[in-house]
Structures are given as structure tokens and as C-alpha cells.
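A quick write-up on the structure given underneath.
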């Protein structure tokens, strides 16, 4: 006998492991839901018979609105049902049903942020942000998201230098220690695969906030959400990924998510030394996604609904600064690119920006990158709510 959800499935004879469960306040009750699934390839196959807990007290007006939208069938997941993921590690974890449901909750979070500053959805929960690489938007948006939902934050600035990692402590030991202080860890690390290692030993949710040149799944979620809000659709779009495609984790995760949608075409525009890696191109081909490499940004911009610009990542070049200088400045979004773009199209950027988008572009309504950063708050509010209290 096999039970399944829209995202995962597992046979009942498979090994049953203890689910990750955080510390729960006494005024929480259990809502049972038979959900079984297999996680992605970085963790063992797991079956969970019990949902996460759902708070029943101190719901604000907007909190109650979320429950009403769920009862009205805005998305296909039941109120109180456990979120299908224990951790957010890579973009491949999400299917279209999950993405659509997350986006609906993100819209609810917009209402909470605007109309319900006293939300208590995550009251009693602690989130730890553990960042081994610099961050402004990702760290602050996660911390803002947690506090706007009534939760608390433990944070460390530059954990690579100012934590016990500087004394030689392993990532695994740090995770085991920090999980004793918190209910969820948001981790950024300089090594690809670090979030996967953390999730394998942690008993609480791990959110990958960027692992070296690997992935940045929450950024990809907010990017796709931004496209939906700005363009109005996700099927049938054309997206130009521009800049450092070899080292940029955001473009890798975004490519994985775009492959979930129909009739998407992706253009890769980059200097020769930072071209998109073959694993992404092979993945897109395997999913039937049309992609093309080009060196003509003007032509690509004229075709695309989205021009997604990225900076050349100097920190990934090590001592080969000659290669960095060779790549820098080759593809710049300026007035010439704006003139070539369609009127409905938008320019996106994960930020920070250096000189790859000229400042005069900011005044054009098609410059969506600061709106994109704001959408990230709502996506991260939605993720924290789902990981800690479920649908």
C-alpha cells in the first residue's frame, strides 16, 4: 500500500524516522493528517503520520483571514496540515502545487505586514540566523519576517570570523549547539552542500540562505513570485539570465524553478569565463525547457519578459583577478537595453548591484529589483509560517 501527496510518495514498508519537531507552547493542539512522502535526494525516505501543530489562540484578524482562505479552497492543502518539507535546501524540492500555495500565503502575508502589525502567528518561536558569508537583504528580510509574525531572533554577524568556527569548530557541531537554542536555523555558508549537511543532522528546520556557488532556494521563490506579480503569468514567458552564471547561486535555483512551468524559454547571456554550467543546461534539456546561449544582450532584451541581471562575483575568483576584470562590465543594463525592451517587461536583480545596472535605469517603472526585494519579505514570512506551524 502506498500513500502519497502531490509532492512526495513512499511505501508503507519503508523505514519510519522520527520527524523534526520544535518546542511547542502549551496552548498548541495537534491536528492529525495522514501525510506520507519521500524527501529529495539529500535525506532519507521518511513517512510522517502527524501534522505540525496549529496555534488556536490569539489569532489576529489577518491570521483568521488566512484560515478562511484555506477553508475556501484557495490552495489544495488543508488547514493544520503539516508542510510537505522539513527543510528548504534546494529548488528541486518544490512542485507547482506547492509553489502556487506558497504564493497564496505570501499574498496573505502582504496583508499582515500592512494591516496587522501585532500578528502572533509565530509567538513563542525562536529563529537563529547563522551566516558565514556577508548578507544584507537575506538576513534582514528573514529577521524582519520572523518579528512581523510575532517570533524572536537570535543572530550572529559573520559567523566565519566571530563564532567558534574561527576556533576550528565544525559546521555539524555548531548546528547541534545552535539547534538547542532555537526552533529553526537560517544558514548561509561558503561551501556548496553545507545546508544539506546541516539538515542531515539537525532536529529542527534548516533553511538554505545560500551555500557557496550551490543554491539559494528562498531567493528563487521570491524571484518567481516577483515574475508572477509583475508579469501576471509564469507559463509561456521568456527570461534572460545575465552576468555571472557560473558562480551565481540565484540563477541556478531560478532555472530549476522555471523548469516547472510550461513553454518557458531561457536565454543565457554571460562572459565566456562565467558561462552557465552544464548541469543546469542538461537539467533544462531533460525537462524539455527551451534554452539558448547568446552574446547579444540587446537582442535578448527585445525578446524577453524578464531580464535578470547579476553581478560578477569577485569573491569567487580567488587570485585570478585577471579573469574577473575580463568578465566585469561586459554586459550592462542601461538606457540602450531599456530602449530595446518591451513595455511590459521587467528588469530584476538579486542585489547587491555594482555597475551592471546603471543608476539612471532605477527611475524606469520596468526596474523591478527593489520591488523584488520587498516581495522577498512576504515569501520568507510564508516559509517561516509553513515550516513552524504548517498550512
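Glycine is treated like the rest: Cβ placed from N, Cα and C.
The transit peptide feature in Swiss-Prot is assigned to 1-69.
Under the heading carbamoyl phosphate binding site, Swiss-Prot lists 137, 138, 188, 216, 219, 351, 352. The 10 Å shell around the Cβ of residue 188 (carbamoyl phosphate binding site) contains 25 further Cβ atoms across the protein chains shown. According to DSSP, residue 188 (carbamoyl phosphate binding site) is assigned to a strand segment.
Here Swiss-Prot flags 137, 138, 188, 216, 249, 311 as UMP binding site. Neighbour count (other Cβ atoms within 10 Å of the Cβ, all protein chains): 27 for residue 216 (carbamoyl phosphate binding site).
In the three-state DSSP scheme, residue 311 (UMP binding site) is classed as coil. According to Swiss-Prot, the L-aspartate binding site annotation covers 167, 249, 311, on the basis of similarity to another entry.
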Any further residue of that chain within 8 Å (Cβ to the Cβ centroid of 137, 138, 188, 216, 219, 351, 352) of the recorded carbamoyl phosphate site: 135, 136, 209, 210, 250, 350
Cβ contacts of residue 219 (carbamoyl phosphate binding site) (under 8 Å, same chain, 6 or more positions away): 138, 210, 249, 250, 253, 254, 350, 376
Rounded Cα separation (Å) that holds between residue 351 (carbamoyl phosphate binding site) and residue 311 (UMP binding site): 8
For residue 216 (carbamoyl phosphate binding site): DSSP state (helix, strand, coil): coil
Which of 137, 249, 311, the listed binding-site residues, has fewest other Cβ atoms within 10 Å: 137
Close in space, distant in sequence - residue 352 (carbamoyl phosphate binding site), Cβ under 8 Å, 6 or more apart: 136, 311
